[in-house]
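One structure is given below, encoded as structure tokens.
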Amino acid sequence: MATRAVIDSTMFFYALSLFFYFMDVLESKRIFNRLAVVLLFMVFIGETSLLIARFIQLQSAPVYSRFDNLLLISWLILVVALVVDTFYRVGLFIFFANLVAFSFVIFASFGPFSPGIIPHGRPDLLIFHISLALVSYVFFSVAFVFSVMYLVQYHLLRKKSFNHWFLRLPGLEHSSRTARWCNRVGFTLLLISSLLGFLWGKIVLNLWIWDSPTPMATLVLLLFYALTFWLEIRRSLPLHVLHRLYVVCFMVLLINFLLIGRFGGYH
Amino acid sequence: MQIVVIGLNHRTAPVSLREKVSFDKDAQKTALLRMKDTRSLFETVLVSTCNRTEIYTLTTSTKAARDFVIRLLAQHSGLATEEIKDTLYTFEGPQAVQHAMEVACGLDSIVLGETQILGQVKEAVALAAEIGTIGSFLKQMFRYVVEVGKRAQSETMIGQAPVSVASAAIQLAEKIYGSLRGRSALILGAGTMARIAAEHLSAHGVSQLYIANRTLTNAEELVRRVEAKIVPWEQLQHFVGRVDVVVAATGAGRPIITENMWTSIRTGRHGRQTLLLDLAIPRNIDSSLSGHSDVFLYDVDDLQQVVDVNMEERRRQTRVVREMIDSSLLEFDEWISSLSVVPVITAIREKGVQIQSDVMESLKRKLPHLSEKEIQILQKHTMSIVNQLLRDPIHAMKDMAVQSDPAFSPEALAQLFGIEFISQPHPEREMLTSYKMSEFMGKWRSLMAEKMSGSTVGSSVYRS
């Protein structure tokens, strides 16, 4: 009951914060920006307290249920957004990144709040596998945000729509470089995580990767990203097409994580 | 006594008058020395740029200050006093402080949000400090003024959004490539627009700058101004295919970079993005090139559109800057209010030290055998008692000083601590005990008027 109240209020503050950020983009008023920042800080407190409560309850890292995973990803994106906004001031990144983080909280709120079951047998391997996968999702989310910002700015420059968004969004080169770097880091982490996951599946459950849709979908996702990297290295595609492909890859990631993972019995 | 600004600027005076009234550095020094000797001006700062000449002063009489400034400007410029009088504006008290902040933030400049003025204000304050015409009051005021000016520049886009066509071109290049360092550019033409573009690109760190012009002598003249290489006109296509930015500004009257040329170049570029800036009229670049996904083509109308958006953005940012100014004015107001308790705090501290000293004397008399070391320990600990006892009340007093409706007046606080407050106010001290800037200004003015009329004014004394 208490968890429900905290998650509801966090979602409410999150929505309000994003609304004020949006108003700040439209109106450029300090009051909107301040309100958005204060509310975001309240969201940070709400999510942190939920994760700490879950940690105390489990006596282990809260990574064993869908709710905890989504909450942890949202929390990590929020932390990255706050750090980037404080130290690097990348125009509109905080708004777009929190839009993604907010979506994760929304998904989290739909499911059950159960803490999950800590599986027997090599939990150390499993926790490494899940943690690396979650961190890789955060990198892919940040890369997705930069790719979207690239595409919006590219569209504005091509259409000669010189407006407030054009002024606030970062340059194409900056967005492109950051998105590509984050994708590479995310890919490496997910690859390592997958190997650990396959290993855990074989040792503990005596299952091969084709025995469950989850690892198969992850393999497909990795192939998607690998193909895009290959196209990038070959320089056979214009950058805006490449970023569109990265957006598609992130969509595949969401389908894998939110949809296929739900039906998988792997862990 | 109040802060007053008397001056003229681009809104009130034509350039023909402004240029005569403007002070160079030596003339500023002479003028400040003259003002230092004037009895009606207690503190003075002279801000003089091509667009404004303003004198900020702490004075007992606005009228006397204004008359003095008119005479000073007339003598300096050689103009008649009547001619200057009509162009002068005068702001008093909070309006003067607000005006100073608006000037420092660039809200009062011809180009909204321009950044140079902040440096000029800082220089004016430094010069006043060097000559010795600035005191603690204007020093503090300009501290707030410079602070809000810096915040306006760093926290908003008021001074960042470019408002010239050449700067807008650089802005577009940076939106595509990020920094221009390590990039290459080709300029077609060697006229005025080509020169401005070359200077801007060079200033923004373009590593390889090429100039192509049909008349070689004109290109050579341009290369003397900026670091660039001249390339033969015949090799134009080759260099267009190599560089990141092409600026076309020739008087050819027809497209030089055509669809055919681009099609033959394109394959060698491997989809690398190119910025083509057509600053010529009639245009030098075929407009159909904008259809290519790897080409960003902009002409002068597009750049003007960027300038307009930037100007609009600067105007939007003025709202944010005004909010900053309001909050800074409030802080300055609070600073003035906080001054009211300073004498009480000093007196309470003095009383504490006196009590501790009396106690130590008494101890020394009653315990004559105490060693030097023991006396030192007692000294340290008794002082510590006094400090610990006073720390919280003093902290609370400072908090109360910045409240609009404090629970205790300075007199009540003095009474609470048994400090005798003899109400024979010294005018400056009385000024410090008013809670709002407007009250303080009004009070100071009336006191000075009384003083002028010969009434006796003593000094306020806090005695333990």
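Yeah, the Cβs are placed from backbone N, Cα and C, and that goes for glycine too.
TrEMBL lists B:6-156 with the feature domain 'Glutamyl-tRNA reductase N-terminal'. Residues or ranges marked as substrate binding site in TrEMBL: B:T49, B:C50, B:N51, B:R52, B:S109, B:E114, B:T115, B:Q116, B:Q120. Feature annotation from TrEMBL assigns active site, nucleophile to B:C50. Annotation source TrEMBL lists site 'Important for activity' at B:H99. What TrEMBL lists as domain 'Quinate/shikimate 5-dehydrogenase/glutamyl-tRNA reductase' is B:171-306. Feature annotation from TrEMBL assigns NADP(+) binding site to B:G189, B:A190, B:G191, B:T192, B:M193, B:A194. Here TrEMBL flags B:321-419 as domain 'Tetrapyrrole biosynthesis glutamyl-tRNA reductase dimerisation'.
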Listed binding-site residues (B:T115, B:T192), ranked by Cβ neighbours within 10 Å, top entry: B:T115
Intrachain C-beta neighbours of B:A190 (NADP(+) binding site), sequence separation six or more, cut-off 8 angstroms: B:I211, B:N213, B:T215, B:N218, B:A219, B:E221, B:L222
Nearest of the recorded positions (B:H99, B:T115, B:G189, B:T192) to B:C50 (active site, nucleophile) - Cα to Cα: B:T115
Environment of B:T49, B:C50, B:N51, B:R52, B:S109, B:E114, B:T115, B:Q116, B:Q120, the listed substrate site - residues of the same chain whose CB lies within 8 A of the CB centroid: B:G106, B:I110, B:I117
Among B:T49, B:Q120, the most crowded of the binding-site residues [Cβ within 10 Å]: B:T49
Residues within 8 Å of the B:G189, B:A190, B:G191, B:T192, B:M193, B:A194 Cβ centre (excluding the NADP(+) site residues themselves): B:I187, B:R195, B:I196, B:A197, B:L222, B:A249, B:T250
Pairwise C-alpha maximum, in angstrom, for the residues (B:T49, B:C50, B:N51, B:R52, B:S109, B:E114, B:T115, B:Q116, B:Q120) that bind substrate according to the record: 15
Cβ neighbour count (within 10 Å, all chains shown) around B:S109 (substrate binding site): 20
Cα distance (Å, whole number) from B:Q120 (substrate binding site) to B:H99 (site 'Important for activity'): 15
Cβ atoms near B:G191 (NADP(+) binding site) (within 10 Å, other residues, all chains): 15
Cβ neighbours of B:M193 (NADP(+) binding site) where a neighbour is any other Cβ within 10 Å: 22
Recorded positions compared (B:C50, B:N51, B:H99, B:G189, B:A194) - highest count of Cβ atoms within 10 Å: B:G189
Mapped DSSP class for B:A194 (NADP(+) binding site), helix or strand or coil: helix
